[in-house]
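As given in TrEMBL:
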type	residues	note
BINDING	B:PHE10, B:SER11, B:GLY12, B:GLY13, B:GLN14, B:ASP15, B:SER16, B:THR17, B:THR18, B:CYS19, B:MET20	ATP binding site
BINDING	B:CYS187, B:CYS196, B:CYS199, B:CYS202	Zn(2+) binding site
Number of protein chains: 2
Amino acid sequence: MNRKKALVVFSGGQDSTTCMFYAIAHYDEVELVTFNYGQRHSNEIEVAKSIAEEQGLKHHILDMSLLGQLSPNALTAHDMEITKEADEEMPNTFVPARNMLFLSFATALGYQIGAGTVITGVCETDYSGYPDCRDIFVKSMNVTANLAMDRNFVIETPLMWLDKKETWAMADDYGKLEYVREKTLTCYEGFIGDGCGECPACRLRNEGLNAYLNERD
Amino acid sequence: MNRKKALVVFSGGQDSTTCMFYAIAHYDEVELVTFNYGQRHSNEIEVAKSIAEEQGLKHHILDMSLLGQLSPNALTAHDMEITKEADEEMPNTFVPARNMLFLSFATALGYQIGAGTVITGVCETDYSGYPDCRDIFVKSMNVTANLAMDRNFVIETPLMWLDKKETWAMADDYGKLEYVREKTLTCYEGFIGDGCGECPACRLRNEGLNAYLNERD
């Protein structure tokens, strides 16, 4: 295992792009993996590709279209509307164990490329009811992956306990706030940067940004 | 969760077919899942299909061609020859974490179909160096899947501590020894039933069968 090589689970959104800069700051070698699972916005993959290219990082794009076989849902079934209610217990974008599936593949790929660390931007602070974004799940997944491959991987989650404001602060620490703000895609409607401003993802992102900028400036 | 409904990870080989009969004996409802990952012998899927149909069981066939993206290897790369040495530490058929990937999808599918139990025929007795066939891995995987989906799945492994002779005895207990012997595919060369008789899989299977029949008769 190479303790100085990290594989970042990378969607081209704010969180995983911030994790990418975290990885660049802390590791000698960084590679990215993006899962193509029929995202609502096909430009998600393009955004991820373009960031990877700009950073000169090796980028693995894995076809996860199998997810569609498991579960029709709002993010992959293009004819459904995303519920915008913030107070639902479980958003209708729920794919069972999606993050478990992603981390299973990411750790297997990590094994293949000799990366001792897999970094993922999941966080419990705004986990939206996905049980496989919780810290205790990631820790269990870490043990399971180690046992599966007889390797001591570390799954790192730099954002686990941060809120959006603190995630913006981290990007700023790396001098990348403007880059993350302008280049990443978070919006459910597929607009990069500050996005549509109205979907739950945009609201969360922009409220965090404004809170951080107000505090900083 | 339905404690009386089981999903069996099913390849159409001796072990998983025996597990299918175990499930039929112990559960009210049984469904099967087969992973299509570019097996060396395309008739593996056909054999699995035909057994499922004969038993009248719902059969999910999931495309796992993504495995090929992760790792070229003897079972999926059709131009490689399988090493027949029995004493190698790690067979060259090794796909990292293949069983972890299968069980991740199987538990997610179990969630979708409401099955409280997932049954897999992995066993530690002849695990051939695959760390993700060990009991401790399966137990960790069980916890991880539960945490990932907030459900109390049980992953059952009826063959975990059995040798091949005992697995034949189990099939015989269910009155299915002849069925398993004639209909299942274990052979690396793709022959159903007693197979080529020379590959490591055939030798293991047939030695176990002969040992059991000698003892029984």
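Every residue gets a Cβ built from N, Cα and C, even glycine.
Small disclaimer: the values here were computed from a predicted structure and weren't measured.
Shown in sequence order, B:THR186, B:TYR188, B:GLU189, B:PHE191, B:GLY195, B:GLY197, B:GLU198, B:PRO200, B:ALA201, B:ARG203 are the same-chain residues outside B:CYS187, B:CYS196, B:CYS199, B:CYS202 whose Cβ sits within 8 Å of the Cβ centre of the Zn(2+) site. The binding-site residues recorded for this entry are B:GLY12, B:THR18, B:MET20, and the Cα of B:GLY12 lies nearest to that of B:CYS199 (Zn(2+) binding site). Separation of the C-alpha atoms of B:CYS187 (Zn(2+) binding site) and B:SER16 (ATP binding site): 14 Å, rounded to the nearest whole number. Shown in sequence order, B:VAL8, B:GLY121, B:VAL180, B:THR184 are the same-chain residues outside B:PHE10, B:SER11, B:GLY12, B:GLY13, B:GLN14, B:ASP15, B:SER16, B:THR17, B:THR18, B:CYS19, B:MET20 whose Cβ sits within 8 Å of the Cβ centre of the ATP site. Ranking the binding-site residues B:MET20, B:CYS187, B:CYS196, B:CYS199, B:CYS202 by how many other Cβ atoms lie within 10 angstroms of each Cβ puts B:CYS196 at the bottom. In the three-state DSSP classification, B:CYS202 (Zn(2+) binding site) falls within a helix.
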